[in-house]
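Asker: A single structure is presented below for examination.
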Amino acid sequence: MTARALWLLCLIVGWSPEAPVAERKAPPPHRKPDSRETPGPRAQPLPEFSRRPRAAYAGPRAWPDPRRRKTAPPADNRAGFRDAVHAPAALPGPRLAQAENRASPPEDSPRRALSRAVRPPGARAASPAHPNRPRAAAQPSGTPQALSPEDREPETQSCARACSADADEWEAYCASEFAVNGIVHDVDVLGAGMRLVTLLVDPDGLYKMSRLYITPDGFFFRVHILALDSSSCHKPCPEFKPGSRYIVMGHIYHKRRQLPSALLQVLRGRLRPGDGLIRGSSSYVKRFNRKREWQVRGATHTQCI
């Protein structure tokens, strides 16, 4: 009974408002570790900027008047303005000690001074020939000099006049043994002034055949013609361009027609009896056009004298 009463008494005293409340130890506030506790670089304190009083921001900001803004003076192109803008270069400083190790100036170099010496016009130092460069062969004194353009012009005009002479189709038709119209298929150069021409002729292009030897080749006929040029012109006469169409009138080669023995050795059986033969400007070789074809066809219906 005594223990129970003592326990109730203690309980009443503990819940009484007059009883002093036990002071509880509050935890220490959270703080950053000190520099002594954490190693490392120390944080620099931020500078404190002076703040303006709030009265300065009370009113609205006044924008400057553009009309009162001063305009920049126009740039002057005079020499005085450029001299004022560009400051003169500063005077060179004292020469350093390391400059003594530099190369000597160009005036002190004897090699450059020798190269700058005045040379007479046209004089050139003879340099040794390059070992891999072929030397130009010296022209003998007896060889003729090349013709100048003024001397070569009359010869060129005479060659062009002889090749482009307009021959009469009726006279050429009567003086020739064959007349064909064909496309140049191949031109074989046998030597100087010798060409073997192969023409592809359609049936309508055989104006005059006589004993001309032709070889069928599909829709066309192959005709071989030996063109001889005895002129000294740089351009062959007559001229045959592969792929072009020509009207050709000339003679027919046969065994009774004599040819130089040197020419026969070059041909070596490539020219057969019955092939065509034309000699320079004496034969008719012209580019095909409708007017010339009409005149040649008109000559086929006339009687030659």
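Please read every residue number as a count from 1 along the shown chain.
Glycine residues also receive a Cβ, built from the backbone N, Cα and C atoms like all the rest.
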Asker: Which of these links to CYS174 by a disulfide bond in Swiss-Prot: CYS237, CYS304?
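Answerer: Candidates were CYS237, CYS304; Swiss-Prot matches CYS174 with CYS304.
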Asker: Could you check which of the disulfide-bonded residues CYS163, CYS174, CYS304 is the closest Cα neighbour of CYS233 (disulfide bond)?
Answerer: CYS163
Asker: Cα within 10 Å of CYS159 (disulfide bond) is the criterion; apply it to the disulfide-bonded residues CYS174, CYS237, CYS304 and give the hits in sequence order.
Answerer: CYS237
Asker: By DSSP, what is the split of the domain 'NTR' (159-304) into helix, strand and coil residues?
Answerer: 33 helix, 57 strand, 56 coil
Asker: Which one, from the disulfide-bonded residues CYS159, CYS163, CYS174, CYS233, CYS304, has the smallest tally of other C-beta atoms lying within 10 Å of its C-beta?
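Answerer: Least crowded of the disulfide-bonded residues CYS159, CYS163, CYS174, CYS233, CYS304, by Cβ count within 10 Å, is CYS304.
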